[in-house]
Amino acid sequence: MSKTTIALLFGGKSTEHEISIISARSISGAIDRERYRVVPVYITHEGAWFSGDSAAEILSLDLSSIMRKSSVGNTETLLREMIRNSAEKPFDFNFRAAGIDVVFIALHGSYGEDGRVQGLLDTMGIPYTGCGVSASAIAMDKALTKLCAADAGVATAPSITLDADSYLADPEPVHELVDSTFGYPLFVKPASLGSSVGISKVHLPAALPEALKVACSYDRKILVEAAVSGKEIEVAVLGNDRPVASVPGEVEPGSDFYDFQDKYIHNTAKTFIPARLPDKLLDSVRCSAITVYKALGCRGMSRVDFFVNEENGSIVLNEINTIPGFTDISMYPKLFEASGIPFTALIDKLLHYAQEKPEAAGR
């Protein structure tokens, strides 16, 4: 039987560049090499594409360990140095000429999870894992996601959306608006970033200007959101027209909230699979995850995160990730492992869904 050739796309022009490499390394290790041939395709911070020895060398790095011992800035320097020392030159990757059958997108954040790469692949007629252009673009924007979820009957946290340029030009009216609209603590978030990059939990009005300034440095669209009490619950969803939801998992942050440092550097958060909730509430969370998935028109995969209050039974959407992490601490593969789908089988299913006809999958 001939092998299916996969282009494993990782790196990218995103603040989540290093996390993408760690995810791709895990995915590469889980792919069934009896059935699939893997072609690593690395995208640099500047957007140059490499495939060959340099891409394979970067993919082999234990970047997770390196990040825990060093800073993200140092890992970025290391990656740039490896490319500079490589004899290879960047190129415009021709998927068809390379005999690629399907692309596994392991890019996180901007220029990978937001519909841009998906549109490029659609134009070339190359199948790929995960959501299509529209679902990817909507899910990347937290404000648009909230609108779609609310329209589908899923609760979201009260929030206001701000324009970064307008705020920086005249900040005081925004401070007054936030103070009159919300109590403290509250969250300030870039609208279109993942891995909790640029997010601040603000406990006092005096800390609001700095939190807004940080968010504005990452995005032109900012979300100010009320803090919601409850457990942080994550649900993995898999499939196209008939998606299935995993057993829900629970994250207990090791810091004030589940931020980038807690996720990838200090690794102090505790996880519980299944989540410590009554069965009836677990079922309701799974149903809500499917509702959000369908409302956004997702396909292939997503991880849907909620805040669940066990006392009053409220389920509030936090966010949806259309290319969830695949690192060794990531919940998406862990949740399906606990639901009876091992990592290698999960990768196989994702590649299968990627190659379904677009009209059948609703792309």
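For all residues, glycine too, the Cβ spot is worked out from N, Cα and C.
Taken from Swiss-Prot, the feature ATP binding site applies to 179-234, supported by sequence analysis. If you look up Swiss-Prot, you'll see ASP305, GLU319 marked as Mg(2+) 1 binding site. What Swiss-Prot records for GLU319, ASN321 is Mg(2+) 2 binding site. Per Swiss-Prot, the feature domain 'ATP-grasp' maps to 146-352.
Sequence features annotated in Swiss-Prot and their locations in the structure.
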residue: ASP179; record: ATP binding site; DSSP class: helix
residue: LEU186; record: ATP binding site; DSSP class: strand
residue: LEU193; record: ATP binding site; DSSP class: coil
residue: SER200; record: ATP binding site; DSSP class: strand
residue: VAL214; record: ATP binding site; DSSP class: helix
residue: LYS221; record: ATP binding site; DSSP class: strand
residue: VAL228; record: ATP binding site; DSSP class: coil
residue: ASP305; record: Mg(2+) 1 binding site; DSSP class: strand
residue: GLU319; record: Mg(2+) 1 binding site; DSSP class: strand
Open item on the list: Whole-number answer please: how many Å between the C-alpha atoms of ASP305 (Mg(2+) 1 binding site) and VAL228 (ATP binding site)?
Closed with: 13
Task: Long-range Cβ environment of ALA207 (ATP binding site), under 8 Å and at least 6 residues apart - done: SER200
- [ ] Restricting to the same chain and to sequence separations of six or more, state which residues have a Cβ under 8 Å from that of LEU186 (ATP binding site).
- [x] VAL178, LYS201, VAL202, VAL224, GLU225, ALA226, ALA227
TODO: With an 8 Å cut-off on Cβ-Cβ distance and a minimum sequence separation of at least 6, pull the same-chain contacts of VAL228 (ATP binding site), or say none.
DONE: ALA157, PHE307, ASN309, VAL316, ASN318
Task: Spatial neighbours, same chain, of ASP179 (ATP binding site) - Cβ under 8 Å, 6+ residues apart - done: PRO205, LEU208
Open item on the list: I need the nearest neighbour of ASN321 (Mg(2+) 2 binding site) among the binding-site residues LEU193, VAL214, LYS221, using C-alpha distances.
Closed with: LEU193
TODO: Let me know the DSSP-derived helix, strand or coil state of ALA207 (ATP binding site), please.
DONE: helix
Open item on the list: Can you give me the same-chain residues 6 or more apart in sequence from LYS221 (ATP binding site) with a CB-CB distance under 8 Å?
Closed with: ASP141, ALA143, THR161, LEU162, ASP163, ALA164, PRO190, ALA191, SER192
TODO: Let me know how many other Cβ atoms fall within 10 Å of the Cβ of SER200 (ATP binding site).
DONE: 22
